[in-house]
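Taking it in order: structure first as structure tokens, then the write-up.
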């Protein structure tokens, strides 16, 4: 599914044009209202600067938090406008509302190269309902549309899908284009062998991904809390480890499917156990057939790390989604950190394509200081998963075809 992208438009298309850009500025704030991680803002800079440099008038639309369709003073985009002004080295004005006469007057008064940030689109319930009247009001700010919000592309909302009915061309920004290139490329036409490392605490949240990857991968490695559902399905004692009792049959099915398709499915052979869910719990390493009593598994063990590393060494493309253990506790972060280091090394020294597919694995890689070494780090959580599941993202489908 090839979509028209911003890179195909030059100054003749953009000069003097008002361009509505949907960005993902849903950044974390601390209690003082200060941004604690500006990754998502920085990720949109290439698209914004391209438009500035090509003399467009830039109008940014974004959501922040979950204000439930009403104005919430704590969810205004004021700190985002301030940080964006710093990053761009020019003033970014913020409207009081994303629609209405006052906001439209502000967008109409822009000069070439100016940037205006519309206030939180989710202050209106119509945004998430994909209300076309609301979408038309948003679209009235601009002549054309760029979607650069991969993190919201799996939502059919007014600012991601509805506006494309009223603005043409509607194209992908640089970030969205890069996400599609890596994530779709990895599942549609990867350099093989292709491996997926799937972690996280629950099988239920990764069923779609595992099912879809079984049709595409040569190897799948599973870590995180979900492994105990697989072990219990095999009839093993898992002590007090997390288990989804209603997913035992599903775990059996996934193992059987992998076998039938000739996909190498690797589960840890040893785990790090804890006597309680706490950063300073007592811990011990155990083989998976020797877990008992009040112990719970919180990380994969050293033998499993070696097995996973050896399996990954043969691969040309690796997708990682979800941590190997409770990496927020240093004592149980070894598995996750080892995978992060292994991928960084493979990326740097063996030209392996390493894709970190959103969510907690991104946080883990950043915590380990290895983000720069990966081929691609996805900015979308749910959107990454849905793309890896082979689903069509509404915000992408709505753009003009190339």
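The backbone N, Cα and C atoms fix where each Cβ goes, glycine too.
Given the structure is predicted, the values throughout are model-derived calculations rather than measurements.
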Per Swiss-Prot, member of 76, 83, 122 binding substrate alongside 24, 25, 26, 40, 63, 64, 65, 66, 155: 122
Nearest of the binding-site residues (206, 359, 360, 361) to residue 63 (substrate binding site), judged by Cα-Cα distance: 359
Residue, out of the binding-site residues 63, 122, 206, whose Cβ gathers the largest set of other Cβ atoms within 10 Å: 63
Same-chain residues at least 6 apart in sequence whose Cβ lies under 8 Å from residue 359 (ATP binding site): 200, 321, 322, 381, 384, 385
Fewest-neighbour residue among binding-site residues, criterion Cβ within 10 Å, set 65, 297: 65
Among 24, 328, 360, which are binding-site residues, the residue with the most C-beta atoms within 10 angstroms of its C-beta: 24
Winner by Cβ contact number (other Cβ atoms within 10 Å) across the binding-site residues 26, 361: 361
